[in-house]
Amino acid sequence: DLWQFGQMILKETGKLPFPYYTYGGCYCGVGGRRGLGTKDDRCCYVHDCCYKKLTGCPKTDDRYSYSWLDLTIVCGEDDPCKELCECDKAIAVCFRENLGTYNKKYRYHLKPCKKADKPC
């Protein structure tokens, strides 16, 4: 669910998901559109694709089980929403790995976005 997702982002990056990642670029936030080309936006594009491939969890706002082990997110092994958890984990880690490239000028990006990336 969004709260769990936000907690993963906060713990991995030290940044609150809002406003840092909610409106950044063209794929981040609700209803991502087309690629801006930033690394954070690429993380969001991959996350959107991950959600499209989910099979075990009916809705992307369902709760899942996870824990932290040695500073690593561990998704619940027997959880029917494990795939959803793995998608959220992947983007939180991607944001952390790209912290040095975060550019707040794209935080409230209102200009038209570039041509869409290849389909998932």
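Backbone N, Cα and C atoms are what each Cβ position is placed from, and that goes for glycine too.
The Cβ neighbour count for Trp3 (site 'Putative membrane-disrupting site (MDiS)'), using a 10 Å radius over every protein chain in view, is 10. Summarising the annotation, Swiss-Prot assigns site 'Putative membrane-disrupting site (MDiS)' to Trp3 (among others) and lists similarity to another entry as the type of evidence.
The site 'Putative membrane-disrupting site (MDiS)' feature in Swiss-Prot is assigned to Leu10 (among others); the stated evidence is similarity to another entry. In three-state terms derived from DSSP, Leu10 (site 'Putative membrane-disrupting site (MDiS)') belongs to a helical segment. The local packing around Leu10 (site 'Putative membrane-disrupting site (MDiS)'), expressed as other Cβ atoms within 10 Å of its Cβ over all shown chains, amounts to 14.
Summarising the annotation, Swiss-Prot assigns site 'Putative membrane-disrupting site (MDiS)' to Lys15 (among others) and lists similarity to another entry as the type of evidence. Counting every protein chain shown, the number of other Cβ atoms lying within 10 Å of the Cβ of Lys15 (site 'Putative membrane-disrupting site (MDiS)') is 15.
According to Swiss-Prot, the feature site 'Putative membrane-disrupting site (MDiS)' maps to Leu16 (among others), an assignment based on similarity to another entry. Long-range Cβ proximity for Leu16 (site 'Putative membrane-disrupting site (MDiS)'), meaning a same-chain Cβ under 8 A and a gap of 6 or more residues, is found for Gly6, Ile9, Leu10.
The annotation disulfide bond is assigned in Swiss-Prot to Cys26-Cys113 (among others) on the grounds of experimental evidence. Cys26 (disulfide bond) falls outside any helix or strand according to DSSP and counts as coil. Of all the Cβ atoms in the protein chains shown, 23 others lie within 10 Å of the Cβ of Cys26 (disulfide bond).
Annotation comment: Swiss-Prot describes Cys28-Cys44 (among others) as disulfide bond, evidence class experimental evidence. Cβ neighbours within 10 Å of Cys44 (disulfide bond), excluding its own Cβ and spanning all shown chains: 23. In the three-state DSSP scheme, Cys44 (disulfide bond) is classed as helix.
Sequence-distant contacts of Cys94 (disulfide bond), defined as residues of its own chain at least six apart whose C-beta falls under 8 angstroms from its C-beta, comprise Lys39, Arg42, Cys43, Val46, His47. Sequence annotations record features per position, and here Swiss-Prot assigns disulfide bond to Cys43-Cys94 (among others).
The disulfide bond annotation in Swiss-Prot covers Cys49-Cys120 (among others). Under DSSP, Cys120 (disulfide bond) is assigned to coil, being neither helix nor strand in the three-state scheme. Residues within less than 8 Å, Cβ to Cβ, of Cys120 (disulfide bond) and separated from it by at least 6 positions along the same chain comprise Asp48, Cys49, Lys52, Lys53.
The annotation disulfide bond is assigned in Swiss-Prot to Cys50-Cys87 (among others). A sphere of 10 angstroms centred on the C-beta of Cys50 (disulfide bond) encloses 19 other C-beta atoms.
Feature annotation from Swiss-Prot assigns disulfide bond to Cys57-Cys81 (among others). In the three-state DSSP scheme, Cys57 (disulfide bond) is classed as coil. Sequence-distant contacts (6 or more apart, same chain, Cβ under 8 Å) of Cys57 (disulfide bond) comprise Tyr64, Pro80, Cys81, Glu83, Leu84.
Taking all protein chains in view, 13 other C-beta atoms sit within 10 angstroms of the C-beta of Arg63 (site 'Putative cationic membrane-docking site (MDoS)'). Under the DSSP three-state reduction, Arg63 (site 'Putative cationic membrane-docking site (MDoS)') is assigned to coil, being neither helix nor strand. Annotated site 'Putative cationic membrane-docking site (MDoS)' per Swiss-Prot: Arg63, in sequence order.
Other Cβ atoms within 10 Å of the Cβ of Cys85 (disulfide bond) number 23 in total over all chains. Taken from Swiss-Prot, the feature disulfide bond covers Cys75-Cys85 (among others).
Among the features that Swiss-Prot reports, site 'Important residue of the cationic membrane-docking site (MDoS)' is placed at Lys104 (among others).
Under the heading site 'Important residue of the cationic membrane-docking site (MDoS)', Swiss-Prot lists Arg107 (among others), citing similarity to another entry as support.
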If you count the other CB atoms within 10 A of the CB of Cys87 (disulfide bond), including all protein chains displayed, you should get 25
Compute the C-alpha separation of Cys26 (disulfide bond) from Cys44 (disulfide bond), stating it in Å without decimals. 9
Sort out the sequence-distant neighbours of Cys28 (disulfide bond) for me: same chain, 6+ apart, CB within less than 8 Å of its CB, listed by position. Tyr21, Thr22, Asp40, Asp41, Cys43, Cys44
Using C-alpha atoms only, work out the spacing between Trp3 (site 'Putative membrane-disrupting site (MDiS)') and Cys50 (disulfide bond) and round it to an integer in Å. 19
